[in-house]
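Taken straight from TrEMBL:
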type	residues	note
TRANSMEM	16-34	transmembrane segment
TRANSMEM	55-74	transmembrane segment
TRANSMEM	89-107	transmembrane segment
TRANSMEM	142-160	transmembrane segment
TRANSMEM	181-204	transmembrane segment
TRANSMEM	216-234	transmembrane segment
TRANSMEM	259-280	transmembrane segment
TRANSMEM	292-314	transmembrane segment
TRANSMEM	326-343	transmembrane segment
TRANSMEM	349-370	transmembrane segment
């Protein structure tokens, strides 16, 4: 007589998504009243030129976020469909992180010499190249794919922001208005990751014959992003020679301890996010129950959106807190949350709560570090 083993399924309460959505809307509408910015006779509010500049940049940045999100969702599915186990998937991530570690300094110097806009165009070219390669070759090299996508992700993480800051200063907008752009970048990036997850799942639709559909979508979106970038703001490349740039680099980078402290803070954040990306799914399913990882990850991204809306409320207005003080508490909370997860096994609901709080803190830390980079 056979024994029937019933599988237990853990489901996320759908009201969580409604709660996060309502909190985000409430926080956004509460921000003008909580900030209570002081004004002078020379300050007539936010200019229409800045709103137009901010809106155009956020459109380009959101489109680039969708392209990044499509590969992050489709990549693991594609590797699994080709028979790669988890060890090979982790190896592909190691290829990418190693490439980013060695390529990031050179890409940063290259962007300063040739201009941020051209490097952003390289971002689109890399995604276009990978998309075309995957349509032509049914099983492309995991090594080359990881290298190209990691370089594109590195460019996405700093070139778009730097390009925005340079154009912001060039057009003479107020420096304090950067705070709004920073948290909106984190907010829209998380929202676009959710949208790209839904879009990729719709394209795949549990049908292996549609495994090239996300590649076609990435090619189409990368071309649109390339066109918008070329029609964007004009940029004059720097005329500084490489020798003068090297001297300035050693003076302002190696000679400033604040830069090193900010570097360590950024590195520790990306390291913790990388560990989370590798370990969160095995940790959640460790007890053998079935879970819907896609919905749980959407909850994490929603928490990150909510955390980004807290940034302007705490750092704007006459009663605002110092960004440095807020970051100290945020990093302590991040360390405590990850320590609870690493100390002992927790219930799935507790793990989801801890990981959601972790992403909420990440959503606050990202615009805070971006603001410190321009101070």
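Any Cβ shown, glycine's included, is placed from N, Cα and C.
Remember, TrEMBL labels are computer predictions, not curated facts.
The transmembrane segment (292-314) makes contact with the transmembrane segment (349-370): 3 or more of their CB pairs lie within 8 A, with pairs spaced 6 or more apart in sequence. For the transmembrane segment (89-107), same-chain residues at least 6 beyond its ends with a Cβ under 8 Å from one of its own Cβ atoms are 75-76, 79-80, 119, 142-143, 145-147, 149-151, 153-155, 158-159, 274, 277-278. Among the recorded stretches 142-160, 181-204, 326-343, the one sharing the largest number of Cβ pairs closer than 8 Å with the transmembrane segment (349-370) is 326-343. Non-local neighbours of the transmembrane segment (326-343) in the same chain are 265, 268-269, 272, 276, 283, 314-315, 351, 354-355, 357-358, 361-362, 364-365, 368-369, 372; each lies 6+ residues outside the stretch with a CB under 8 Å from one of its CB atoms.
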